[in-house]
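Feature annotations, reproduced from TrEMBL:
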- 149-536: domain 'Major facilitator superfamily (MFS) profile' (DOMAIN)
- 147-167: transmembrane segment (TRANSMEM)
- 187-207: transmembrane segment (TRANSMEM)
- 214-234: transmembrane segment (TRANSMEM)
- 240-263: transmembrane segment (TRANSMEM)
- 275-294: transmembrane segment (TRANSMEM)
- 306-326: transmembrane segment (TRANSMEM)
- 394-413: transmembrane segment (TRANSMEM)
- 475-502: transmembrane segment (TRANSMEM)
- 509-528: transmembrane segment (TRANSMEM)
Amino acid sequence: MAIGGLISNRNFGSFVGSGNGVQNERGRLGLYGADISNRVIIPRTGIAIALCRNHQPRKILSLQASLQHDTGHMTSFGCFLQPGNLEHHGIRFKNSNKNTSRPYYKSSEESDITEEVVDSLSSAEALLVQGNRNKASPWWQQFPRRWVIVLLCFASFLLCNMDRVNMSIAILPMSQQYNWNSATVGLIQSSFFWGYLLTQILGGIWADKYGGKVVLGFGVVWWSIATVMTPIAAKLGLPFLLVVRTFMGIGEGVAMPAMNNMLSKWIPVSERSRSLALVYSGMYLGSVTGLGFSPMLIQKFGWPSVFYSFGSLGSIWFLLWLKYAYSSPKDDPELSEEEKKIILGGSKPREPVTVIPWKLILSKPPVWALIISHFCHNWGTFILLTWMPTYYNQAWLLCVLPWFTMAVLANVGGWIADTLIMQSIGFLGPAFFLTQLSRVKTPAMAVLCMACSQGADAFSQSGLYSNHQDIGPRYAGVLLGLSNTAGVLAGVFGTAATGYILQRGSWDDVFKVAVGLYLIGTLVWNLFATGEKVLD
């Protein structure tokens, strides 16, 4: 192995021959190479190694400089041990890969290198190999594997909300084409939640048993196919469209539990909040992207193009997922030992869950705090997601701003996260700004209040949505399935209740209900929630 990057002629004596380690033929130690002869003797071996006769004293060379050293004359020690030169001198490698092979010397008339000599160079060789690998590997191969998983989960959530919100825009030309009334439109919109509700708990169970890679991959493929099939189902008739939208909800329903299961195994506790914040910000950016591009696609290519284009993106994601994703660190053959230690923190990875201890899980107050808080949180979130275009009179640009604010502040909260504090902000912030909407006089101020409300809501990603992994990392998928089921029910009932309230009241009444639930969630969360592990 080439170790020219570690030692040069000038520091050869101090590096290898300090004390009585290496002597030249005159019996003098070649310290810093000031007066070293052209041959050195390694003790107890009788091996003479040639040094460069015309080499000037110099400081330690970098690896690149040593590898580029002129070999037209008798080589220096650093150049002599390069793989190419070793073969020239009758030395062969145990493996074909010279960068990772260890040299051994074949018997010759002059000398016979022993394992003792090889061992004496092992530490220097190991350092050189590591440096050589780092220099040879491109930056994308040195990128932490755990953050590859995070980015892929982020992309899946981006697609998730792009495929979900496109119906909010496309439903307008669709209802005109097929003569749907408001009741039919509401039925179509709600059919998504039928399937979404079915797979929340099941998705968590499947992820904990079979691994998050399989379940999340299945979900993305399933909902992408359903998205592409939407225009075809609409042409066939309303019942077919309702079935396809339900199927889409089934696919998206497993996304959160499966992702939570993946990150609970891949991400150390110190990075958990920021990684979850990044992944969930993908949902918000998905809303921004879907609401932003859907009107342009519809105007230029017609409403079916939205479903065809958005749905086809899932196939690209799935290919990347198959290549780079693994359910746990122990399954990844390319994961370095250093990163594995960071992820596991000295603990051994657990086996997949085979039996769910339902009685134990439901007996813990922090679990119920999660369930209740998730219901209170999603009531306000789903109201804004579903009714915001109506509130802004279909002005899509105004709809985009609050979601963009959420995407930014979710990541801010992830970097400064303390679970209990972040969730309190996530409840009280929206409650405050929603109360201000009844006092504003201009559309600009209304948009500002809504953006601030959604921005404060984004801190929940560092509180509520990271707490499942804190209190029960082994059952993170099941816990998220439980709490998100309550959150979906809040979406179903909240959306319907909002329509009922608007028929008899005003938007102020809608916001008052949401504020009341935010306050209840704050109280329950601070009384019963915890950031400590309660399920093992």
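The backbone N, Cα and C atoms fix where each Cβ goes, glycine too.
A quick note: this is a predicted structure, and the numbers were derived from the prediction, not measured.
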Handout entry: Chain residues in Cβ proximity to the transmembrane segment (475-502) (below 8 Å; excluding those fewer than six residues from its ends, i.e. six or more beyond)
Key = 186, 189-190, 193, 196-197, 200-208, 212, 253, 256-258, 260-261, 263-264, 353, 356-357, 361, 367, 370-383, 385-387, 464-465, 468-469, 509-510, 513-514, 535
Handout entry: Proximity verdict for the transmembrane segment (306-326) and the transmembrane segment (214-234), three or more C-beta pairs under 8 Å
Key = yes
Handout entry: Spatial neighbours of the transmembrane segment (240-263) far in sequence, C-beta under 8 Å, 6+ residues away
Key = 149-150, 153, 156-157, 160, 163-164, 167, 187-188, 191-204, 206-208, 211-213, 215-216, 218-224, 226-227, 229-230, 233-234, 272, 275-276, 279, 325, 327, 468-469, 476-481, 484, 488
